[in-house]
Amino acid sequence: MFNKNQGSNGGSSSNVGIGADSPYLQKARSGKTEIRELEAVFKKFDVNGDGKISSKELGAIMTSLGHEVPEEELEKAITEIDRKGDGYINFEEFVELNTKGMDQNDVLENLKDAFSVYDIDGNGSISAEELHEVLRSLGDECSIAECRKMIGGVDKDGDGTIDFEEFKIMMTMGSRRDNVMGGGPR
């Protein structure tokens with residue numbers, strides 16, 4: 001999910017929201033869909049919803065992608081990304097990490113990779129059961145009924161599953177437990 005071309009360039013950032021003057025956010029805003037997609041992906045990483053990604057949350061995502069990463073390496077990765085120095089990755093740092101040297105094709109590839117994680121049986125669609133299994137592996141205690149509601153919110157053809165095009169819509173909407181429960185995007 002992360003851009004392999006990233007580097008570390010000191011500086012500070014604010015956790016009070018997204019700095020409008022951030023060059024990375026300005027670049028991402030050049031495609032409004034891209035920033036919404038990044039926000040949705042950030043929310044998936046930010047399992048507890050506190051607005052930042054911890055090494056534990058990063059580890060859960062990496063494990064779900066089939067990569068067992070030792071805690072020390074996760075902490076080192078966080079330190080390299082964490083310009084604010086608080087031990088977490090905030091949204092602005094996440095956008096910077098995921099937009100440095102990236103174009104729309106890279107974003108599309110990242111979404112395809114994410115889709116393949118959720119499409120456990122590889123049949124080209126994601127069922128409520130597959131969504132449930134992946135979200136639970138990430139620490140999200142959602143029910144099958146909630147997963148069905150999430151899928152129902154973007155299932156344009158009514159087949160009870162989501163294909164890649166519907167998945168892109170779901171990621172853009174940030175469709176997750178918060179939307180299912182009527183809270184809307186965080």
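Keep in mind that glycine also has a Cβ here, set from the backbone N, Cα and C atoms.
Some features that Swiss-Prot has for this protein:
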type: BINDING; residues: ASP46, ASN48, ASP50, LYS52, GLU57; note: Ca(2+) 1 binding site
type: BINDING; residues: ASP119, ASP121, ASN123, SER125, GLU130; note: Ca(2+) 2 binding site
type: BINDING; residues: ASP155, ASP157, ASP159, THR161, GLU166; note: Ca(2+) 3 binding site
type: COMPBIAS; residues: 1-17; note: compositional bias 'Low complexity'
type: DOMAIN; residues: 33-68; note: domain 'EF-hand 1'
type: DOMAIN; residues: 69-104; note: domain 'EF-hand 2'
type: DOMAIN; residues: 106-141; note: domain 'EF-hand 3'
type: DOMAIN; residues: 142-177; note: domain 'EF-hand 4'
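The binding-site residues shown are ASP46, ASN48, ASP50, ASP155, THR161; of these, the one with its CA atom nearest the CA of ASN123 (Ca(2+) 2 binding site) is THR161. Cβ environment of ASP157 (Ca(2+) 3 binding site): ASP163, GLU166 lie under 8 Å away, each six or more residues apart in the same chain. For the binding-site residues given as ASP46, ASP50, GLU57, ASP119, GLU130, the lowest number of other CB atoms within 10 Å of the residue's CB is seen at ASP50. Listed in sequence order, GLU57, GLY139 are the same-chain residues at least 6 apart in sequence whose CB falls under 8 Å from the CB of ASN48 (Ca(2+) 1 binding site).
Sorting each residue of the domain 'EF-hand 3' (106-141) by its DSSP state yields 23 helix, 1 strand, 12 coil. Under the three-state DSSP scheme, GLU166 (Ca(2+) 3 binding site) falls in the helix class.
Just so you know, of the binding-site residues ASN123, SER125, THR161, the Cβ with the fewest other Cβ atoms around it within 10 Å is the one at ASN123. Nearest neighbour of ASP50 (Ca(2+) 1 binding site) by Cα distance, taken over the binding-site residues SER125, GLU130, ASP155, ASP159, THR161: GLU130. When the Cα of SER125 (Ca(2+) 2 binding site) is compared against those of the binding-site residues ASP46, LYS52, ASP155, ASP159, THR161, the shortest separation belongs to THR161. Taking all protein chains in view, 19 other C-beta atoms sit within 10 angstroms of the C-beta of ASP155 (Ca(2+) 3 binding site). Here the binding-site residues are ASP121, ASP159, GLU166, and the one ringed by the most other CB atoms within 10 angstroms is GLU166. Ranked by Cα separation from ASP155 (Ca(2+) 3 binding site), the binding-site residues ASP46, LYS52, ASP119, ASP121 are led by ASP119. With respect to ASP119 (Ca(2+) 2 binding site), the closest of these binding-site residues in Cα terms is THR161, chosen from ASP46, LYS52, ASP159, THR161.
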